[in-house]
Each structure stands twice: as C-alpha cells, then as structure tokens.
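According to Swiss-Prot:
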REGION    1-265  region 'Amidoligase domain'
BINDING   Ser13, Asp146, Ile147, Glu148, Lys186, Thr187, Lys188, Pro189, Thr190, Gln191, Lys222  CTP binding site
BINDING   Ser13, Lys186, Thr187, Lys188, Pro189, Thr190, Gln191, Lys222  UTP binding site
BINDING   Ser14, Leu15, Gly16, Lys17, Gly18, Leu19, Asp71  ATP binding site
BINDING   Asp71, Glu139  Mg(2+) binding site
DOMAIN    291-546  domain 'Glutamine amidotransferase type-1'
BINDING   Gly353, Leu381, Gly382, Met383, Gln384, Glu404, Arg474  L-glutamine binding site
ACT_SITE  Cys380  active site, nucleophile
ACT_SITE  His519  active site
ACT_SITE  Glu521  active site
Amino acid sequence: MARYVFITGGVVSSLGKGLASAALGALLQARGFSVRLRKLDPYLNVDPGTMSPFEHGEVFVTDDGAETDLDLGHYERFTGVSARKTDSVSSGRIYSNVLEKERRGDYLGKTIQVIPHVTNEIKDFLRVGEDEVDFMLCEIGGTVGDIEGLPFFEAIRQFAQDKPRGQCIFVHLTLLPYVSASGELKTKPTQHSVKELRSIGIAPDVLLLRSERAIPEKEREKIALFCNVRKEAVIAAYDLKTIYEAPLAYHREGLDQAVLDAFGISPAPKPNLDRWVDVMDRLENAEGEVRVAIVGKYTQLEDAYKSIAEALTHGGMANRTRVRAEWINAELFEREDPSPFLEGFHAILVPGGFGERGTEGKIRAAQYAREKGIPYLGICLGMQMAVIEAARNLAQVKDAGSEEFDHEVGKKRFTPVVYHLKEWIQGNHIVERKHDDDKGGTMRLGAYTAALTPGSRVSEIYHATEIEERHRHRYEVDVRYREALEGCGLTFSGMSPDGRLPEIVEIKDHPWFIGVQFHPELKSKPFAPHPLFADFVRAAVEVSRLV
C-alpha cells in the first residue's frame, strides 16, 4: 500500500511545486523506493489539449495518449517513470465524470453535490494504482485559497482521514519575499498561507520556503513555531542555476529525510546520488558551446517548448557541450531574409505547432539549413515544413502546402503534400476522424511504432530498425509524393508498420538533416539523453569546429 505525499502551494503560483515534487521523487528513488507522481489541476478544461501554449505552456503527451500538464514532463525527466492517463486530472475531467454518472443513473436519483460526489471522484482518482508503488506523490495545482481548488483540498483532507494514521503527509511550498528597504525576509505570507491551509483541515508536515536569499536560523525557528512544524521540517528552496541541481540541493537541505521522518521510516536507507552528481558534472564542466536556433511560433513563452529546451540540454550533456538555444519568431523570416539572422548558428530546430501563422518563415528556415549544410531537426510541423520546402524547390511542386492552411471551402491555395489524417491503425483496430470532429482528444496521440530503413542515418542513430515514439498531430505527409521527393534526395527513412504514414525524412547528402513526425523531446532524460538530440548536438559541435 502506497504512502501518499500531497504537495500544495501558497502565497503565489509558479513557485516550483512541480520541480519540488519531481526532485523529491528522485530522492526517494535514490533511497531505493518506488514512486509515482500525479498532478491534480483545478482548471475546468477537461485537459490542456485545446489550451493556448501562451496560456498553459506545452502539452506533455504520455505513451497512452493523454494530453497533460508540462509538470508531468518534469516528473518523467527526474524519475524515469513513464506517466500515464491516470496520473493527470483536472476539475473539468472530474465534473465530466460525475455528470456522465448522473446521466447514466449511477447515483440512483440522489442530489449531486460537491461533497460527497465530486470529492469522492477525486479520491477514486487518487486510489488508482496505490498497490503498485511505495510512494505516491500528488501535486495540487494553483495555491491554497483558490476557489477552483477547494474541492481538491477537501478531497485530500478526507483522503488522509480515510487512511490509517501515518499513511499521508502534506508538504506545503510558500514564498519568503525579501524586502530590500528593510533588508529582511518576510515570514508573514507563509504564516498566513499555513493559516489558510489549517482552516480547511490540513496541517502541513513539511514546509518548503522559496527564497532568493539565505534563510537565517532564527527565521526558520520563527516559522516552525508559528506554523506548528518541526524546525527540521522547515526546508529552504533556493533559486538554482539549473533545475537539475534540485535533487542535490533539496537533499542538502534535508527534504527527503524530513519526509521519511514524517512517515516514521527509521532507519532510512542511505541515498545513492551518483546519477545526479554525474548530471551536474556534465553541466558544470562542459568543454565547449554550440548555438542552436529554434525557429517557432510561440517563442515569447519558453514554456511552450519546455521539453525541447530540456532535450537540447540533455543532448549537450551527452557531448559534454553547453547548448545555447536562442528563440526566433518564425514570422520574422516571412518579412526578412533568414541569412543574416541564422548564419552565426551551428544548428537549426523547427518545433511543432498549429496554424498557418509563421509557417512560410519556418519553410525558409528549412531551406536555409538545407542549402547551407547546417544541421536541421524538424519536429512534427517542422518535418512537414521541410517536406513542403523540398516539394516546392526540389520536386517542382510550386504550390505545395498543407490542407491545414486551406481555410476557405471550395477554394484551394495549395497542392496538399500534407493532408488531414482521417484514418490510422492503433493496436488492432482502425481509428477514423472527420474534419468536423471535436478538437479535444481527437489527434493521433501517444506512442506508435515506426519501421526504420536499414542503413539510414536514423537507424544508425537509434541502433535499431524499429522504434516507438510519442505523437500529437492531425496532419500527415502524403505518401503519394514519396517517389518524387526521394528522387530529389529527401528519403523517407521511417514509416508506420503498414507503410502508409511517413514518420521520418532525411537528406542523405547533407551533414545532418532530419525531420520526424513524432516528438522525441518527450522521452529525453538528463541521465538518458534521446539519441536524436544527442546526435543533433554532436553534428552542431562538428559545425562549430569548422567555423
């Protein structure tokens, strides 16, 4: 039976609950325990799949096809445990489930209320898989006091009461602001946050104090006294140069020991942190630097491409090289020649995205990389842009484009070398889609197998002829253009097992030019960099040595 750790936040949002949860999971693993991490989001969207990246950041896709919060990416990267659909839930999903049950008559005519029906649905979610691991770490999105979060706080209060004593603990992350006028760290916001938490029946066992300055011992004692928490369980959470320092930093501050003490686990197994020492060694002792241009649509918010940024960092670790990723808005290249902006870079990456805005700029970035011999990695839409560029400029399909960008019914602007995917094989059955389907949850989502051409560059990178990668797309390159494009040098080196869906393209006579329909960044880890990103950075290093 799993022990439960509930991680909550107070004072302000975006303090790093997700990273704290991931780091704690990694520390418990380092002591030999098995863990699973979950995220409970109070927003009313069913999932983040239809939310704007500017609103929410990236959507992290699991192997089983769930569209989830980017925090699940942190969970996977820090623990190596693949997330599942049952590891993410929102108020929208909870209320949807409750209403479906009401329509079916499952509640036998009772009046449906937040307590007990909504809270019971949340508790049912928490119980899934509780016999599989030693620790279940559950992060509650938002901050204590948010009106949307009240059912979740009530549910975890009830859940802790339902379990035997000592089976659940609460970790609360707050902010210690520094007031420069007085030269002091202020504890009142933390005290009031804990007071709010206690008013709804939850008493924190461990406090994490986010601070940009060293926390004096007297301030820790004061917080421990007024918040009714043991002083050893008042843990500093300082700003760090890199997120991958978090496990070692939290261990130095005693977070994992405080959690084990709260559960009464004594003597505690000693941690083996060699993995994280090696990660930090590779980051801090990089032997060079490469510049990678990320030409995208959502460049104003780096969280929109969070996993890509982290995967590039991992690729740098694999090569003991520092990767300096720089964001360029693709719309710039629709007005300007890309050459002056891109000539100082050692590699170019075009990430996934939706909609027509900026696509001509991405096509020009792909053309620049192809013609100048600069390493190019196109992901999802980035692969489609590379194919359209090759179709226009090599295969002489001058009006090549995507069905996604033909908005007017009956009026075609493009020859669609990229089309709306209406049918594909998933497992042992066929999935069918129509143009007028709902937007949410209707893409080709989750892990699918791809067959690689023996002897191709990608088969050498993967050291395999069959791979499994995660997808999130509803448009696909039309295989009918394969012969024409391969005749011009763009090889279809990865296909779906049935041979109908192109998964990877590459240019053989180019230093490094690869487009993939899937999202390799979602499977990269600091201690296990994704092979595509590792080799992409290696190619960038080679270019940097020629400059």
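Using the three backbone atoms N, Cα and C, a Cβ is placed for every residue, glycine included.
Projection of Swiss-Prot feature records onto the structure.
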residue : record                   : Cβ contacts under 8 Å, 6 or more apart
Gly16   : ATP binding site         : Leu173, Arg210, Ala237
Gly18   : ATP binding site         : Lys39, Asp69, Leu70, Asp71, His74, Tyr75, Glu139
Leu19   : ATP binding site         : His74, Ile243, Ala246
Thr187  : UTP binding site         : Leu176, Glu219, Lys222, Ile223, Phe226
Glu404  : L-glutamine binding site : Phe354, Gly355, Glu356, Val418, His420, Tyr475
His519  : active site              : Val61, Ser307, Gly352, Ile379, Cys380, Glu469, Arg470, His471, Arg472
- Query: Going by C-alpha positions, which of the recorded positions (Lys17, Lys188, Glu521) is nearest Leu381 (L-glutamine binding site)?
  - Reply: Glu521
- Message: Just to verify a number: CA distance, Ile147 (CTP binding site) to Gly353 (L-glutamine binding site), in angstrom, no decimals.
- Response: 32
- Message: Considering each pair of residues in Ser13, Lys186, Thr187, Lys188, Pro189, Thr190, Gln191, Lys222, all listed as binding UTP, report the largest CA to CA distance in Å, no decimals.
- Response: 24
- What count of other C-beta atoms do you get within 10 angstroms of the C-beta of Gln384 (L-glutamine binding site), across all chains shown? 30
- According to DSSP, Arg474 (L-glutamine binding site) sits in coil
- Can you figure out which of Ser14, Gly382, Met383, Gln384 (the binding-site residues) comes closest in space to Pro189 (UTP binding site), comparing Cα atoms? Ser14
- Task: Name the secondary structure element type, per DSSP in three states, that contains Gly353 (L-glutamine binding site).
- Result: coil
- Task: Work out the three-state DSSP category of Gly16 (ATP binding site).
- Result: coil
- Spacing of the two Cα atoms, Met383 (L-glutamine binding site) and Glu521 (active site), in whole angstrom, works out to 14
- For the domain 'Glutamine amidotransferase type-1' (291-546), provide the mean pLDDT of the predicted model. 92
- Quick one: pull the CA-CA distance for Glu521 (active site) versus Gly382 (L-glutamine binding site), whole Å only. 13
- Query: Taking the Cβ of Gly382 (L-glutamine binding site) as centre, how many other Cβ atoms lie within 10 Å?
  - Reply: 26
- Please report the number of other Cβ atoms within 10 Å of the Cβ of Glu139 (Mg(2+) binding site). 26
- Query: If you measure Leu15 (ATP binding site) to Arg474 (L-glutamine binding site) at Cα, how many Å is it?
  - Reply: 34
